[in-house]
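Look at Swiss-Prot and you will find 30, 31, 32, 33, 51, 87, 88, 89, 90, 91, 415, 497 tagged as ATP binding site. Look at Swiss-Prot and you will find 537-546 tagged as compositional bias 'Gly residues'. The annotation region 'Disordered' is assigned in Swiss-Prot to 527-546.
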């Protein structure tokens, strides 16, 4: 086993604090509307420029092992906040640094670290409660756009694009961010349920110019097995012909005689029909066919359900307002499924998402959820250079996560104001144990840190800004707009943060910082000493003295 290097008490805390400071100082320059960028060297390709706190944090690895441990703990704060809320990573880092710094001073002065942590936890709970109580529900598309704009570093175009996407696909819909091939950033929305299977034969096309098959108000037959003969289907085909409506057949595969018969009928005009393969594979295919059945109020024809093809009647077929089939994709628009059935299915998928441990499964389940809930939107981020596109994509990702969080738990005044106002609730806490009270004091001071940093990045003295906002007791939403360097009503000015992001940042920062403050010893691998190289043999032949 390798030898270990051990550091104790003040020596350990000093090293750890230095690591915390190095990482936090690199991350906090990105905070606020006037935050700067950080350039990160890549082992290949162009350097990466970003204003995303967690991206910077993940790149930092220090040479000194003890300093690195401190840095890694704060990196954990940023990663955790990013995983839960998707934004607020820089705020969390600034809060963690403030709590650790103050905590280290108190511990050095001889205060009990465990009581100190208890005080930090009590104060954090009070502040979180206050933030949740202040949260205002997001009701309009404009408010959604405001949240997106603030998170995208004041980029209005991004904020409005996200609001538009959310309006189209709903809060459960999937919004993905991709890199565009052009310089423009654009939004592409697919309404209804789309799956990646196209028509089985080009003869099904109804619009030759666009190469698509469009079926208005069709019946939909959902079959989980292969169809190689249409004999068993004749009764239901005849019933569909009587109604004069088109028919879409979704099956594992349609081959040979069955496909030929359908094509001939389509060309003769007897039956308006189109056939596509079922999406997915294995169990996922079955689940997706069930989703389609629920969406269209149809019945999935499966032998294990005891339904045979020859017994299928018209009421067992699904219905939709319109179906559009392209070479690669099929979109079912406005299925007639019952709202209650669809909602039941959605909550079932949500429960599966909660339980799954596989990222791949989670992604696929979220796709299914979005398709049921109303659609998929793709934001394609464009820019003049690859570096610019990557930087912009980071901001769009942040804005998207912040917007989702805002819809979930509401919004609070932005720019660090909500944390500053939470001081009032924390100040009311009183403890008989002086060391616990010291922990409460630490959080009281730390709650100012994000606002101070935002002001500092804008070139304004942080303590003056904090003083001005604290003195104004008439309005709870009064704050500092760092973009214009004015004092405004933050909600009216549209400077808002999602409550979930602010809450998560504080909880994660306090959790990790509390652990760092209570550290008394640190253990790391001792540096390996390089053994000196063996001496070179002397020249000349042995035994000869010249």
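Using the three backbone atoms N, Cα and C, a Cβ is placed for every residue, glycine included.
Features recorded in Swiss-Prot, as mapped to the structure shown.
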{"residue": "30", "record": "ATP binding site", "contacts (Cβ under 8 Å, 6+ apart)": "36, 37, 38, 50, 51, 52, 53, 56, 90"}
{"residue": "32", "record": "ATP binding site", "contacts (Cβ under 8 Å, 6+ apart)": "415, 453, 454, 455, 457, 458, 482"}
{"residue": "88", "record": "ATP binding site", "contacts (Cβ under 8 Å, 6+ apart)": "81, 402, 497, 501, 502, 504, 505"}
(message) So if I draw a 10 Å sphere around the Cβ of residue 51 (ATP binding site), how many other Cβ atoms end up inside it?
(response) 20
(request) Translate the DSSP assignment of residue 90 (ATP binding site) into the three-state scheme. (result) helix
(message) Is it possible to get the count of other C-beta atoms within 10 angstroms of the C-beta of residue 415 (ATP binding site)?
(response) 27
